[in-house]
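Engineer: One structure, as structure tokens, below. Some questions next.
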Amino acid sequence: MCPGALWVALPLLSLLAGSLQGKPLQSWGRGSAGGNAHSPLGVPGGGLPEHTFNLKMFLENVKVDFLRSLNLSGVPSQDKTRVEPPQYMIDLYNRYTSDKSTTPASNIVRSFSMEDAISITATEDFPFQKHILLFNISIPRHEQITRAELRLYVSCQNHVDPSHDLKGSVVIYDVLDGTDAWDSATETKTFLVSQDIQDEGWETLEVSSAVKRWVRSDSTKSKNKLEVTVESHRKGCDTLDISVPPGSRNLPFFVVFSNDHSSGTKETRLELREMISHEQESVLKKLSKDGSTEAGESSHEEDTDGHVAAGSTLARRKRSAGAGSHCQKTSLRVNFEDIGWDSWIIAPKEYEAYECKGGCFFPLADDVTPTKHAIVQTLVHLKFPTKVGKACCVPTKLSPISVLYKDDMGVPTLKYHYEGMSVAECGCR
């Protein structure tokens with residue numbers, strides 16, 4: 001077994017150990033008495049006795065590693081996972097995954113629902129609909145916010161004359177900390193943006209400066225409040241307003257775009273280097289420890305001319321070649337429902353992760369891109385087969401996928417190009 005093969009794709013291949021069986025999580029821990037020759041770690045064919053391996057615990061440990069790579073402390077509670085994400089986030093995910101020609105400006109997108117709203121109804125003396133919207137927005141400080149949008153659904157609440165065109169305006173203010181009064185002085189709020197309204201539907205307003213201020217402020221004091229004023233300019237609609245009552249279908253929400261450069265390709269390359277380094281150290285230790293002993297033992301296999309017995313060597317090669325195919329990339333469909341992660345991973349429901357299977361047999365072909373070390377290890381294995389293992393068939397290049405999930409606070413989060421989730425190339429290392 002090649003230990004490094006596990007490290008290179010965490011949380012990729014090892015977290016999905018049970019998906020090959022296609023069984024629900026609760027049935028995996030029991031297993032079958034006969035085992036499966038193609039089973040992953042810890043079951044017959046995987047290198048450990050079946051009774052010593054707890055697949056449920058294994059998946060739980062890998063889930064912790066997976067969550068850590070997403071900067072999460074845990075999965076959201078059940079009441080938070082039941083809340084449906086905005087359709088906008090699902091549409092955005094579909095656009096990211098279907099259109100390969102475009103590269104988004106930000107690699108992380110989050111949507112934040114409105115926490116509460118305080119409203120005042122328009123009167124003859126005050127012909128505006130006014131709302132203070134409260135949000136709870138939290139962005140890790142190591143991320144760089146590139147854009148923040150407030151999305152409002154504007155509609156006519158009271159049609160007077162359908163023949164008149166709809167016309168109005170929306171004005172947004174950033175309400176400073178500790179300010180709640182409607183008649184507060186202008187210095188307690190900051191103008192952000194105004195926008196003309198000419199039709200019913202979703203409106204997008206850019207409010208990046210407010211969100212950046214909130215993130216910089218003390219989260220225990222900041223209330224993350226916006227004042228929204230809606231005015232109708234035509235007689236056709238007496239009351240133009242946004243959807244804010246509890247239970248409304250189209251409640252306001254925030255979309256925050258940010259970049260996280262703290263992980264990704266660099267981290268994936270580091271994993272690959274660690275894997276190769278581990279394999280090299282393992283073989284060198286074997287050679288230094290057992291080289292002389294093995295040399296003495298192997299002398300009995302030499303003929304009078306001092307050559308390795310051709311018959312035994314050829315037999316070993318045939319046995320090795322018959323043990324399986326050469327190293328190659330094979331299909332591995334991952335279904336998050338099968339491993340019990342579908343409550344917080346929104347999309348994809350499943351994807352093609354691929355895996356590296358097969359042996360690294362002598363002579364190593366060019367298509368497995370062997371390193372010099374892998375070639376040397378393979379030659380040494382022919383000489384000392386009981387002491388030195390063959391080179392390992394492992395991922396040499398990984399590719400990303402986009403993932404839409406709910407973080408530990410239940411916030412729908414889209415991570416574009418989450419690295420290390422699919423095998424692109426396999427090789428002998």
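Keep in mind that glycine also has a Cβ here, set from the backbone N, Cα and C atoms.
For reference, Swiss-Prot lists these features for the protein:
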COMPBIAS  283-301  compositional bias 'Basic and acidic residues'
DISULFID  Cys327-Cys393  disulfide bond
DISULFID  Cys356-Cys426  disulfide bond
DISULFID  Cys360-Cys428  disulfide bond
CARBOHYD  Asn71  N-linked glycosylation site
CARBOHYD  Asn136  N-linked glycosylation site
REGION    283-308  region 'Disordered'
SIGNAL    1-22  signal peptide
Engineer: Among all the protein chains here, how many other CB atoms are within 10 A of the CB of Cys360 (disulfide bond)?
Structural biologist: 26
Engineer: How big is the Cα-to-Cα gap, in Å, between Cys428 (disulfide bond) and Cys393 (disulfide bond)?
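Structural biologist: Distance (Cα to Cα, whole Å): 5 Å.
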Engineer: So if I draw a 10 Å sphere around the Cβ of Asn71 (N-linked glycosylation site), how many other Cβ atoms end up inside it?
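Structural biologist: So the Cβ neighbour count for Asn71 (N-linked glycosylation site) comes to 16.
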Engineer: Would you say which of the disulfide-bonded residues Cys356, Cys393, Cys426, Cys428 has the most Cβ atoms within 10 Å of its own Cβ?
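Structural biologist: Of the disulfide-bonded residues Cys356, Cys393, Cys426, Cys428, the most buried by Cβ count within 10 Å is Cys428.
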Engineer: Just to verify a number: CA distance, Cys426 (disulfide bond) to Cys393 (disulfide bond), in angstrom, no decimals.
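Structural biologist: Spelling it out, the Cα of Cys426 (disulfide bond) and the Cα of Cys393 (disulfide bond) are 7 Å apart.
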Engineer: Out of these recorded positions, Asn136, Cys327, which one has the fewest other C-beta atoms within 10 Å of its own C-beta?
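Structural biologist: Lowest Cβ count within 10 Å among the recorded positions (Asn136, Cys327) is Asn136.
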Engineer: From the Cα of Cys360 (disulfide bond) across to the Cα of Cys327 (disulfide bond), what is the distance in angstrom?
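Structural biologist: Computed Cα spacing between Cys327 (disulfide bond) and Cys360 (disulfide bond) is 6 Å.
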